[in-house]
Amino acid sequence: MLELDLQLATEAPAPSEAQFREWCALALRQRTADSELTIRLVDEPEGRELNHTWRQKDYATNVLSFPADVPDELLDIPLLGDLVICVEVVEREAKEQGKELEAHWAHLVIHGCLHLLGYDHIDDDEAEEMETLEQTLLAELGHPDPYADDDAQKHSTVTIKDSE
């Protein structure tokens with residue numbers, strides 16, 4: 001079971017909750033345990049503020065992932081963490097990169113969920129493993145390879161790990 005808390009902190013149009021559930025469930029299907037996660041959809045000012053606070057970057061990025069650092073045994077449902085998605089950045093990127101908006105949304109949600117599961121793209125081997133899984137999952141949805149034309153977008157999602 002997936003418990004999804006979808007928070008809308010922007011009035012910009014976004015995919016339906018059913019779409020978010022489908023994309024998350026696909027990315028998390030390798031996980032046998034129940035899972036809880038939050039997706040917060042934000043505008044550019046909030047996206048910029050969070051990116052500045054956590055990464056010292058003064059711009060809004062498309063997706064930030066915040067993996068939970070709470071032992072599963074302390075929770076009724078294992079908390080995976082939070083994704084923060086800047087709607088305006090997602091829309092702009094899709095347009096600039098000539099990508100179908102729904103496909104770009106699906107990619108970024110899947111990419112963020114994989115970060116919450118511990119996948120990363122710090123080195124080439126990790127990146128290849130993560131990207132291959134993303135490509136496979138997106139193909140199941142009928143979406144094209146998101147990395148086919150634009151290597152610069154390969155590693156757009158940032159994982160924030162609490163250093164405390």
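Quick reminder: no glycine exception, Cβ is built from N, Cα and C everywhere.
As written in Swiss-Prot, here are the features:
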BINDING   H111, H115, H121  Zn(2+) binding site
COMPBIAS  155-164  compositional bias 'Polar residues'
REGION    140-164  region 'Disordered'
Once the chains shown are all counted, how many other Cβ atoms turn up within 10 Å of the Cβ of H111 (Zn(2+) binding site)? 28
Taking each of the binding-site residues H115, H121 in turn and counting other Cβ atoms within 10 Å of its Cβ, which one has the fewest? H121
